[in-house]
Amino acid sequence: MWLGVITLFPEMFRAVTDFGVTGRAVKNGLLELHTWNPRDFTHDRHSTVDDRPYGGGPGMLMMVQPLRDAIHAARAAAGEDAKVIYLSPQGRKLDQQGVTELAKSSRLILVCGRYEGIDERIIQTEVDEEWSVGDYVLSGGELPAMTMIDAVSRLVPGVLGKQASAEQDSFSDGLLDCPHYTRPESLDGLDVPAVLLSGNHEQIRLWRLQQSLGRTLLRRPELLQNLALTDEQSTLLAQFVEAMDKNA
């Protein structure tokens, strides 16, 4: 997957290219990330990238010309099929379904705003989609962009050691993930569930699915409202609720 990022702070993206899953993906050629800094497209001796908003008010906006030129340069490098995304609180909220949709694109250009935002005309003429990572305010679009890159890259074939790792992640099937355990078998009087030590793969699968359903019911019940549960899932969830009521 090819990724371009428009940012005033390209150094921040070393967190993506140099570390963890995404760092290995870059090293192995599965993920290609390039940055364009609007400061490199300025024409004054101060490399000015902010400007006053019309109508007054607090704060500044990103200057139009350097930002637009940076986007054009990224488009030229990416090719015509690249999708330009602006990270914005007004955008569609990112969830796993959205991540799956974005992962189908082979080329993405992410525009990271700063200050109070960017000129609306840039959004109208240069941006294909707006996306948000949540209903809160951050200082810029870099952290949301890194969040999006990390989430999307996990779905690129070969990035994770086993595709099952992505398939078992929380939200991959609309459910929260099940509990996980490692050694020791007993920790401060808390034991690993016996089924996980049994070696019975089918029983382990059923336990994990039931725990995933139950955890979703308890922590994010609204997620279940959007799912059409299979007969197996409905039975497991009913058993979970029954056991929970007995232990109440």
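The backbone N, Cα and C atoms fix where each Cβ goes, and this holds for glycine too.
Quick caveat, the model's predicted, so the values are computed rather than measured.
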**OP:** Pick the one from GLY113, GLY158 that Swiss-Prot also lists for the S-adenosyl-L-methionine site with VAL133, GLY134, ASP135, TYR136, VAL137, LEU138.
**Re:** GLY113
Subject >> Residue among the binding-site residues GLY113, VAL133, TYR136, VAL137 whose Cβ has the most other Cβ atoms within 10 Å >> reply: GLY113
Original post:
So how many other Cβ atoms are close to LEU138 (S-adenosyl-L-methionine binding site), meaning within 10 Å of its Cβ?
Top reply: 13
Subject >> Site extent for S-adenosyl-L-methionine (largest Cα pair distance over GLY113, VAL133, GLY134, ASP135, TYR136, VAL137, LEU138, Å) >> reply: 16
